[in-house]
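The transmembrane segment feature in TrEMBL is assigned to 57-79, 99-119, 140-163, 183-214, 226-244, 278-298.
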Amino acid sequence: MSRNLEKSEEICTESDFSCGKRGPSSSARIVNLSDCDHCTKFPNRWSRLRHAIREPAAEFLGTMVFIIIGTGVNCQVFLSMDPNVEAVPRGNFLSLNLAWAAGLALGVWTAGGVSGGHLNPAVTFSLAVFRGFSWKKVPIYILAQLLGAFCAAGIVYANYFHAINIVEGGRSIRTIDGSGDLFATYAASFMTPVSCFFSEVIGSALLVIGVLCATDRNNGPPPPGLVPLALFMVLFGIGASLGMNTNYCLNPARDLGPRLFTAAAGYGSAVFTYRDQYWLWCAILGPVTGMLFGAFAYDTLIFEGGESIINKP
């Protein structure tokens, strides 16, 4: 079986039928996998399965890390404003923006080296349209992102369950205005539907422009390890300047995953009927439209790579 593996030098001990790297002081000899009949790059069944699912698994974990920090700071800031929960509020709008940006940076850092760290269905879709990302991977990436966001909302809800009970007034009371809006996104009351959609389009366009700039090797990109820091600055800037109107969703998974969880956790169908299916036309279509527009603008005016549909003959 090892003869089909890529040729590489690994260290294989006589007592182990798998090949794994050992320290220089270990009693092992260096062999070439193509010359070893009993060596394998998969030391056990789980390592083989992990290799097969590593990209969607990275998207799942990266998105979960991102949403845990983001929805977690929402809960900490707003629940602590109730004097029955904390005597002094634990945060403000600045800490909200910093934590969401840090969550994105940490999530991208977690998944970036394996899957590219999309963490966002609108990013995945835009990269498939403008960067040649495999369309076969799009559905599984999006599913992994949604599951990651759903699980993250559940973890944060479990962490703040007691504070939510105090703010809502009981274990059986769950309302959007009380705590539901700490998980999914809901627009300010003064916003019209057109303004909500426009706000999401603009923020999402800026986010994808930041993503494309940070990964454009012909436009002074940061070193690979600093891409998360670049995206931290992008999201922090968007949140600090455009975050008031719709809580800057910018990410269908960031909204739909927690929204599905709140519906299952007792907040009911109101999370979907809010403003005539706001979750669909604003929190999903808004980011997708904005990122397609932003990617089109960047590729039309800046990008010179041949993988973009703008630059194809």
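Every residue gets a Cβ built from N, Cα and C, even glycine.
Quick caveat, the model's predicted, so the values are computed rather than measured.
With a cut-off of 8 Å between Cβ atoms, the residues of this chain six or more beyond the transmembrane segment (57-79) that come close are 50, 85-86, 89-92, 95-96, 99-100, 102-104, 106-108, 110-112, 114-115, 117-120, 141, 144-145, 147-149, 151-153, 155-156, 159-160, 163-164, 166-167, 179, 182-183, 253-254, 257-258. Here the listed stretches are 140-163, 183-214, 226-244, and the one with the most C-beta pairs under 8 angstroms to the transmembrane segment (99-119) is 226-244. Long-range contacts of the transmembrane segment (183-214) within the same chain: residues 71, 74, 122-123, 126, 153, 156-157, 176, 221-222, 227, 230-231, 233-235, 237-238, 242-250, 254-256, 258-259, 261-262, 271, 274-276, 278-279, 281-283, 285-291, 293-295, 297-299, 302-303, each at least 6 residues beyond the stretch ends and with a Cβ under 8 Å from a Cβ of the stretch.
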